[in-house]
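Listed in TrEMBL for this protein:
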DOMAIN    119-173  domain 'Amino acid transporter transmembrane'
DOMAIN    238-500  domain 'Amino acid transporter transmembrane'
TRANSMEM  120-140  transmembrane segment
TRANSMEM  146-166  transmembrane segment
TRANSMEM  257-281  transmembrane segment
TRANSMEM  301-323  transmembrane segment
TRANSMEM  335-356  transmembrane segment
TRANSMEM  381-401  transmembrane segment
TRANSMEM  421-445  transmembrane segment
TRANSMEM  451-472  transmembrane segment
TRANSMEM  484-503  transmembrane segment
Amino acid sequence: MANMDSDSRHLLIPEVDSEINPGPMNIQFDSSDLRSKRPFYIEPTNIVNVNNVIQRVSDHASAMNKRIHYYSRLTTPADKALIAPDHVVPAPGECYVYSPLGSAYKLQSYTEGHGKNTSLVTIFMIWNTMMGTSILSIPWGIKQAGFTTGLCVIMLMGILTLYCGYRVVKSRAMIHFIHHINETDAVLSTNDSNPVICPSAGSGGHPDNGSMIFYANDTGLQQFEKWWNKSKTVPLYLVGLLLPLLNFKSPSFFSRFNILGTVSVLYLIFLVTLKAIRLGFHLEFHWFMQTEYFVPEIRFQFPQLTGVLTLAFFIHNCIITLLKNNKNQENNVRDLSLAYMLVTLTYLYIGVLVFASFPSPPLTKDCIEQNFLDNFPSSDILSFIARIFLLFQMMTVYPLLGYLARVQLLGHIFGDIYPSIFHVLILNLIIVGAGVIMACFYPNIGGIIRYSGAACGLAFVFIYPSLIYIISLHQEDRLTWPKLIFHIFIIILGLANLIVQFFM
């Protein structure tokens, strides 16, 4: 057997140096029980650590990898009788997580209870991470479901996604090994100072411009509308703004502006509160009958809201990373529950105030747009400021998402996340072009959110947590019929949530 000291040497030999990229790519894990960890296997190419260092597997690492595979093939993975000895398993500082596309991210050694964040900070981190553009479509979703049905659906979806998130958190303690991976406008208002518009009343479709509140015979405004059209010209302007940002080598600059997400949400809360105070509440309750100005309390389009909420409550792919930074690990479940409660209350607050204060009459509740900011004219200064906040928020998030795509695709294909400006530019043109095409031909934020939310949620919210729990219980001979039926029912709900989106 090889000497323990020699086996503890570094497994990876760096070839190039690069600037340090702190923050979002760091992944942490629990190193309290190394004997229960089985590292991924990866071909010796395209290994990228969090510092953007392209590395090659050394001969020593290759030999150790063969030893690990030898131990893992002596028996089934579930059998702990033959687990690789400690000196064969890499040290905590030399463990990596590998994606199916070939990129590897170095793990930071972590001991339970030594996180830096208090429970309060952890709760608001989860809240801030979950808050996104979905919040703009919550009032529209309530309108589609009916006021009473919408409130019930928001609370039930919050509970269901919380339970699935709870299963993700608990999966850390249940999975003791890692499997091998091979691979126009009609304008009406309640008063002169607080106009609210119905953009789709005149066109019967999505709003092209909020500026149509003005008279159409104004030549100057007609020229403005010609050059500033949300589905025809503005997406092209954004190409010139966003494309250069995607070409940055490191995204660390943009990660410093995550606070803009919190500021945007807080400002939206302030905006809808102020508008509700000025406009007042306009509600009538009709359970099944739609009137001229009000929608029924129960509508069969409620699955559109469930699709939006699946994305609105989606955090399951990063919840373990967020909670591992919690100083008090025993409070993880409590803090996750409080964060979900805070998110649910935020959605309820925004949705209820916008829906209830929407002036009916003279406008019908069906005029509530998929992006509720479209119900305010372009002359409304407060809503204009909200759009500016959201623009700056997207300008910081978009380059981060583009960087992740670059790491996965270019790193796997060329072995370098920045092979040349030409390669990066081609990839970014494809990314931006897809967004522009969507903005021009399907500018429906509610539709995009509900389709993408239902599709991603099927895998990450409903299937993976439930399957992991079922498999874990089966391996431990603790699986019972009630638990099996309940979690299969959750998977069926997720599948039905996706399928029904295409019939709404």
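A Cβ is built for glycine as well, from the same backbone N, Cα and C atoms used for every other residue.
In TrEMBL, annotation is done automatically, which means it is predicted and not curated.
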> So, do the transmembrane segment (484-503) and the transmembrane segment (257-281) meet, by the test of 3 or more Cβ pairs under 8 Å (sequence gap 6 or more)?
Replying inline: no
> How about the transmembrane segment (146-166) and the transmembrane segment (335-356): at least 3 CB pairs under 8 Å, pairs 6 or more apart in sequence, or not?
Replying inline: yes
> What are the helix, strand and coil residue counts for the domain 'Amino acid transporter transmembrane' (119-173) according to DSSP?
Replying inline: 52 helix, 0 strand, 3 coil
> Which listed range (120-140, 257-281, 381-401) shows the maximal number of Cβ pairs under 8 Å with respect to the transmembrane segment (335-356)?
Replying inline: 120-140
> So which residues does the transmembrane segment (257-281) touch in its own chain, when a touch means Cβ under 8 Å and the partner is 6 or more beyond its ends?
Replying inline: 124, 128, 131-132, 135, 190, 193-194, 196, 346, 349-350, 353-354, 356-359, 382-383, 385-386, 389-390, 392-393, 396-397
